[in-house]
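A.B. asks: First the structure, which I've put down as structure tokens, then a few questions once you've had a look.
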Amino acid sequence: MLSALRTAGAVGTRRLASTQAIASNSEAPKGIATTGTPFLNPSSKAEYALARLDDVLNLAQRGSIWPLTFGLACCAVEMMHFAAPRYDMDRYGVVFRASPRQADLIFVAGTVTNKMAPALRRIYDQMPEAKWVISMGSCANGGGYYHYAYSVLRGCDRVIPVDIYVPGCPPTAEALLYGVLQLQKKIKRKREAQLWYRR
């Protein structure tokens, strides 16, 4: 009886191990480690160490995103909902800042006019490096309802580079939360130390 239980347990363990191996192999493409590092087949210990360094730096940046509020129109109300206690963005490390010198993310929320474009560019230039931009709403993405107005910029990506576009008029706070989570995934895939090593 005892030997039959041991045999059944061993078979169950083997099945579990084989299904876990299949799951891990099917999730990651060939040659990419399961940790998500983009270094393919590191050939030296230095490359491996730099890949782990990138993982640690990306984890720190991903866990402490400090956005700058740049509300220009009605999308700013949804950005305020996003910052309110209902969504509790502090658990993701999102802490709003009022100064561009302390922020590493800017939410462009609303219609960007031609007069506001130089101010937006100046604020973007004042942010320290490793900076990201989330364009929020139809007006910031491409002009929206005011696309054909003479005084409206047809998308903030004509002035500053945009990382994530959040569609909607206005987008909900949940959509903005999804955009922040997508930005965190993008930060996770960064590989600055590895690219520096390859130069």
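Just so it is clear, glycine is given a Cβ too, placed from its N, Cα and C backbone atoms.
Annotation comment: Swiss-Prot describes C74, C75, C139, C169 as [4Fe-4S] cluster binding site.
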A.B. asks: Check the binding-site residues C139, C169 for other C-beta atoms within 10 angstroms of each C-beta and report the one with the most.
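C.D. replies: The residue with the densest Cβ neighbourhood is C139.
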A.B. asks: Within 10 angstroms of the C-beta of C74 ([4Fe-4S] cluster binding site), what count of other C-beta atoms is obtained when all protein chains are considered?
C.D. replies: 14
A.B. asks: When you measure from the Cβ of C75 ([4Fe-4S] cluster binding site), which residues in the chain that are at least 6 apart have a Cβ under 8 Å away?
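C.D. replies: The list for C75 ([4Fe-4S] cluster binding site) reads A109, G110, M136, G137, C139, A140, P170, P171, given in order along the sequence.
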A.B. asks: Same chain, not part of C74, C75, C139, C169: whose C-beta falls within 8 angstroms of the C-beta centre of the [4Fe-4S] cluster site? Give them in sequence order.
C.D. replies: A73, A109, G110, T111, M136, G137, S138, A140, G144, G168, P170, P171
